[in-house]
Amino acid sequence: MSHVLVNVAWPYANGPRHIGHVAGFGVPSDVYARYERMKGNDVLMVSGTDEHGTPILVEAEKEGLTAQELANRYNRVIAKDLCDLGLSYDLFTRTTTGNHEHVVQEMFKQCLENGYIYKGSQQVAISPSTGRTLPDRYIEGECPICHAEGARGDQCDACGNELDPDELINPVSKINGETPRFEQTEHYFLDLPALAEANKAWLETRKGWRTNVINFSLGLFKEVKPRAITRDIDWGIPVPVKGWIDNPNKKLYVWFDAVIGYLSASIEWARRQGDPEKWREWWNDPKCPAYYFMGKDNITFHSQIWPSEMLAYNGKGSKGGETGPMGPLNLPEQVVASEFMTMEGKKFSSSRGIVIYVKDILARYPVDAVRYYISVAGPESSDSDFTWAEFVRHNNEELASSWGNLVNRVANLINKNFGEIPPLDEDSMTNEDRGLLEEASAAFDVVGSSIETHHQKHALSEAMRVVGDINKYISATEPWKIKDDQARLGTVLHVAAQAVSDANHLLAPFLPHSAQKVWEALGGTGTFSPLPELKEVEDLDKPGFTYPIITGDYELGVNVHPWKSEAIEVGAVVPKPAPIFAKIPTEAVEEELARFDEALAARRAAEAERLAAEKAKLAAE
């Protein structure tokens, strides 16, 4: 048994998450974690809601809430949505815990002591009405290079050039339309140049990364600059330095603290297990691989910023230094970044109303239909497009007609003719019987290898190929026509049931909810594919502060079945089956498109009204 760390990108708590989000960080990470558990490895899968930074403040002010109140609201919404999606976290927590604050501050202090954090100043954009730092992407104006309108303070989408906010022509705040002021303010910086050589050397040892991820990551080192890790803001983790710790308007930058969440969540998990040092088995053992799952917009933070923070903490940059008491910390084995998913040809955007929220789609459609579509059509190595027509087609043709119908046919034939799993009569077996069983058993290596190398689309297609071949076997053997040879009929149905059971094992990481139903349809008892649970807990360090966590019991041999062919139990009672998957009416496509157009128009009207009110308020002042 090996230890495997699965770190999942932290969803930002300024609103509910949509399908584009979970297509990048959610379902792929869960498929991988479930597979590794079935292989017998000791998996620790962690994440949580990212709750600091300006966007939280902006959204809170829109809704008349404090930042903490808004974070509390969406922490609960997001945790429930991800739990309902079946994401099997060992711990899904949040960044406003006392534990997280302590771990972040300890990281900062050790990096400072080692010389990789220093004090300096930089020109920043300030909101005149609030006095807060405006993030680069909250400023827009005319591009100084191609002169396109709507260029952001970090990049112009029209020409692709990176920008600084003060380079924009006629810059304005996207929040309220005011013109920002630019001024020099004092900040702490992470000395990325002093860590660049070690960071790049580590990257060059990485094997098996997706081509776009490793190429983008190495490209970050063409020109490396120090990065400010504090902000002029009143919402965030206090800077643990004398003269700063009590300053209400200086906080650590949200991205400095968010990536440390993987470590702090692991520590919180261990503390909640009653074994406070157990997290070290995943973080301090150099033989334990750590896999990070995210969308491609987060690559920078996981192949440069977070590794640099760990190198600084470990004292492994050009300035040397001591390893802190939590170290040495393991750098990522692999950054598994997906591309982007669009919706009906448009870029997902919550602010623009181009969105399908997880809660909404799960309220109308089966969870495994959603997981399947994300897995088969998601943005694994290139951008992909969510369309309602394809969602319905994949469900109806592949889940309902092919897989679900197969399970029902086999279970119904067994129930009707035997009432239980019939024995296998070796004397009546044919080469066709043996060939199907051998193919299904051999598929574990093929599908498993693809999941291990993060080619989940190929893995799923291979599993569904087995399903197709079982259907062909049923059609070829025609068990409904075998009337006078019970031994042969029993053998055909035993072979079919064994192959279906094997296919169910292969599909379980992708379809955990229906896997349980298939298991029971073939006479299985107990838990086959465990699901996560929401649990209300009290903060370990802030009495009275409560929040939901996602956790679960995923123990091989107890409620997790192994990644191999398990012999079905002869004599197990097979009940009259109920449908595993239902077809979605084709009319749903037009209904969903109409619902989307209506919601989009309403969102645009509401946003225009809000911005007009903000401008009127500024003018009145």
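A Cβ is built for glycine as well, from the same backbone N, Cα and C atoms used for every other residue.
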Per Swiss-Prot record, range annotated motif ''KMSKS' region' [choices 347-351, 477-481, 512-516, 532-536]: 347-351
Site of maximum Cβ density within 10 Å, from binding-site residues Cys143, Cys146, Cys156, Cys159: Cys156
Alpha-carbon distance [Cys143 (Zn(2+) binding site); Ser350 (ATP binding site)] in Å: 24
Overall pLDDT for the motif ''KMSKS' region' (347-351), taken as the rounded mean: 78
Count of other CB atoms lying within 10 Å of the CB belonging to Ser350 (ATP binding site): 16
